[in-house]
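J.: For A30, G31, A32, G33, T34, G35, K36, T37, the entry in TrEMBL reads ATP binding site. The annotation domain 'UvrD-like helicase ATP-binding' is assigned in TrEMBL to 9-384. The domain 'UvrD-like helicase C-terminal' annotation in TrEMBL covers 385-653.
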Amino acid sequence: MTDFNTEYQKLNEKQHHAVDTIDGPVMVIAGAGTGKTQTIALRIANILTKTQTNPSSILCLTFTDTGVNAMRSRLIKIIGPTAYSVHLHTFHSFCNEIILSHPENFIISHDLQPADELEKLEIINSLIDKLPDGAILKPWGDHYFYQRDIISSLQTLKRENISPQNFLSLISNQKLFIEKSAEIYQNLKSLRVSKSLESNVLANLNSLLNIKDLSTSLKTSLIYHQNLFDSGGYNVGAAKSPSINLKNSLLKFIENLVKDTPKQSELLDLYRGYNDELQARGRYDFDDMILFVIDAFKKDTNLLRQYQELYQYFLVDEFQDTNSAQNEILNLLCSYYDNPNIFVVGDDDQSIFRFQGASIENIFDFYKKYKIKPIVLQNNYRSHQLILDSSTSVIIKNQNRIANFIKDIDKSLKSNMTFDPDPINIIPVTSVLEENYFVSQKIKKLIDTGVKPSEIAILYRNNNDIEDLVSILKINKINFYLQSDQNILNSRHIQQLIYLLKFINDPTKTDFFYHILASDYVNFNSLDLLKKVRNIDDLSLNSKIKLRNIDRRLSLARKWLENDNLDRFFNKVIRKFKFLDYCLKSKDPQILNHLLTFHQELKRLSLDQKYTLDQLLLRLDSLSDNNISLAAPPLTENLDNSVQLLTVHRAKGLEFEYVFLIKVNDKKWGNNRNISHLSLPSGILKYDIVGNISDQNEDERRLFYVALTRAKKQIYISYSTKTDTNRELTPSVFISEIDPKLIETINVPTDTKVKALSQFFPLVENENIDVDYKKYLTNFLTTKYQFNVTHLNSYLRCPFCFYHQTILRIPAVKDKFSSLGTAIHNTLSFYFNNQSSSLNSLIQNFTQSLYKEGLNKKDFDESLFRGTNILTDYFNQHSDNLCQKIKTDYDFKSANLHLNNIPITGKIDLIEYLENNKINVVDFKTGNPDGKYKELSPDGDYFRQLAFYKLLISLDTSFSPHFNSGIIDFVQKSKQKNTLIRKEIVINPEHVEGLKLLIIDVYNKILNLDFFKLGKDCKDHQHIHYLLPKI
């Protein structure tokens, strides 16, 4: 235990209680900045210290990959390398591992593909088209008005584990209530002001509560009205009389059910149709992954029991945002125990990811189920008291808080910070331009006074809120890191590439040709471009030569389009037109990042070898028309030297000394008009305590609370009083909810707008700010990179090619030999998992697998012939002597293995289980074995690969069998010996020790960016040796 004792002594009394209560159910309500990550990490360490528990018997689940990484890093500091053996997952990664480990239980593992956003939209649109004319969800004049609401509602139903059958039951309950409440509704409506009004309204409410077969969820909603009336909640309202306010609320409650239930009935038909269409297309939703595991656990008790016996301790972070489907996974795992060792941590005030009204559902459910008093952490180690008091003065306006439903819970936060704080700064300005100028100048001053840029964050509500400020930051040469996926379809360079593809596809569209000439990668003379547009032939000689070259390339590209599949065509185009060269030579790594994202999408689509360029271009237009992003992940750059730009949702769990909240206006922060037009029925939540009628601002208020509590020292809240068109704007209601004693309004100087304008216009001169490529690469390698034996062998062959192919990942097409190898490997995996298969079924499987490789007809036919012969020989020689107990495609990725803090991984083709808990590790090779004997020697690639697998097995504490030997299984006959060769290799401990030293040496060279030398034996198949170093 590296730092356990030291860190354990720092815990406060309530943290000690949470860490020391090892056995049984424990719930911790951890307010913002109260050290929940440290508490969870130390509890895991305490379990390992005080019990004989294997680290792999601890399952810790959290909400995001970022949360997993943060927890792993914290654990490593406390318990050292043992942290890599603790099972840390998101719910999705945990379910994915179950599916991959048990493919026989899941059709998803081999027959289904995930549906993308556009495909989901197309399915919904097709289902709407099939609705009869006059359907509520198919309004006249705009058939797709409810399109987004339908998709969002179906997503919510799946996440909350509501099947179509469950949904039907909820709708039926509402229909029954509407029918039986009709007379009561009329009675209520007829009531007038009188001395007996209160008793009459309450009598009608009592009649509603006594309706026979009233569902629990509807009864809960009605009881909420009654409790609110009894507690004086209806003393305030549209009318002066509490009785009239109660009457109107009850009438509205019934009217909403009458209005919404027919919509929900149509939504049920769409839900069924959507699931049927997904299945017909061989697709699944991302959220289906968890539902598949729930279904498998319920159907196969042996599968469930395997995981129940594997884990002794369960920990869940961000419990407030765990949805019902995820909770069901947890409940099934814990169902084996009467008193499970389950530890959950959450904060209802920070619930910003579940749908409306669900903020206290999980915490209240856990409280009711296990009947334990929550441990409430109140000591805040992040912010000074003024920030805590400010945020508390806002969040207490929410009714839907756990402190209102569980007695004796005090959630007030107490700061451990002692410095004298400044008040919250509120900055009203008259325009967005002034707001951006103020923010940029204030940040410059902070940096000039020694504040680390990474301790400054600009937080905003929506992704597009930051676009105009980014330009101002660039002008002021303020380094920033924009933490959001970027839609590459809005990238100038990708748009230029699309114009090129469109013109190749349709040469009659001459407008596209001028776009090509104006593109950065063509570098056509500006004056000659103007002449060309105006049909003036007086061009420079250089431009005439360039035009002839472009014409020749276009002619070639059209031939490629006829003869090659889409992926090969694309790779030829970006090379021939020098677009790839332009991206590689650019100082901005985002340009290459966007190209790689574009190519990955194209490559995915072209797995269907019939997929055409015309289909791709139509798809790209559809993505743009429907505002669906083709997202490139953000690059990891020098975070210490960059101001952080992120939405509040992404900022969850992070902290900064100085926080700027921008564009804090009404309708953006609170009173949002983007509410759903399609409500879901009561009963989606198990404990719908407030009856789905809480203030629509409660979710937004929690988001504002999360934003405020990110700050350690100071918060700046800015908003504009006018739009660019001079329309009046009002500040967010949440600003007025902050205790006035804790704020200070800062009025900007009257000449701010003039200064802002003078700064804005030189934008073009400052458009491209150099990115420090070395720092970008270093951060990528230390945060996202995983080392494997293929990388090791690749680097040893040629560091320069390794850099371009593995680090930069330049687009490349698999040759027919690689495609043949992939198809044969997939078929052998199928064969070993289905050992009674006939040769015909093998050849059929191989043909299907080869088809997915997207080869042209000539290469496909040649590969099919060759592969059929290879598999026939293999089947005839090995069908009678296959190992019966096997595992194929064993992947170490989820094991989080490290060698001296080097993250390493790998995937084994085949494991053969022998007697005495021993295994053979088998790797298939599809090439001719003749001449490969050098690779089998201790310094050869094949030997090194087997030794690497032995190292992985030795590091994986959850892997119990012992490595016996490695086998290279050549699946193609030796031409010299006319037989199949299966070479068994014994890997000694000294081989593994030597490999460790080699891994450490090569990995350090990679971290030191030691790429710029050519391997003496490198064949340069991708023709990249001519490129100059970029760093």
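Cβ atoms are placed via backbone N, Cα and C, with glycine included.
TrEMBL labels come from automatic prediction, so no person has curated them.
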J.: Between the binding-site residues T34, T37, whose Cβ has more other Cβ atoms within 10 Å than any of the rest?
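T.: Checking each of T34, T37, the winner is T34.
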J.: Please work out the number of neighbouring Cβ atoms within 10 Å of the Cβ of G31 (ATP binding site), leaving out its own Cβ.
T.: 23
J.: Taking the Cβ of K36 (ATP binding site) as reference, which residues of that chain separated by at least 6 in sequence fall under 8 Å from it?
T.: V28, A30, D317, V345, L377
J.: In sequence order, what residues of the same chain, 6+ apart, have a Cβ less than 8 Å from the Cβ of A32 (ATP binding site)?
T.: D347, D349, Q350, N380, R382, S383, S391, L413, Y705, V706, T709
J.: Return the count of C-beta atoms lying within 10 angstroms of the C-beta of G33 (ATP binding site), excluding that atom itself.
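T.: Other Cβ atoms within 10 Å of G33 (ATP binding site): 23.
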J.: Using an 8 Å cut-off from the Cβ centroid of A30, G31, A32, G33, T34, G35, K36, T37, can you name the remaining same-chain residues around the ATP site, in sequence order?
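T.: Everything else in range on the chain: T39, D347, L377, N380, Y381, R382.
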J.: Going by DSSP, give the three-state secondary structure for T34 (ATP binding site).
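T.: Assignment for T34 (ATP binding site) reads coil.
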J.: Tell me which residues of the chain lie with their Cβ under 8 angstroms from that of G35 (ATP binding site), as long as they are six or more apart in sequence?
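T.: In sequence order, Q15, L377, N379, Y381 meet the Cβ cut-off.
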J.: What mean pLDDT score does the domain 'UvrD-like helicase ATP-binding' (9-384) have in the model?
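T.: Here the predicted model's pLDDT, averaged over the domain 'UvrD-like helicase ATP-binding' (9-384), is 92.
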J.: Counting every protein chain present, what is the number of Cβ atoms, excluding its own, within 10 Å of the Cβ of A30 (ATP binding site)?
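T.: Around the Cβ of A30 (ATP binding site), 27 other Cβ atoms lie within 10 Å.
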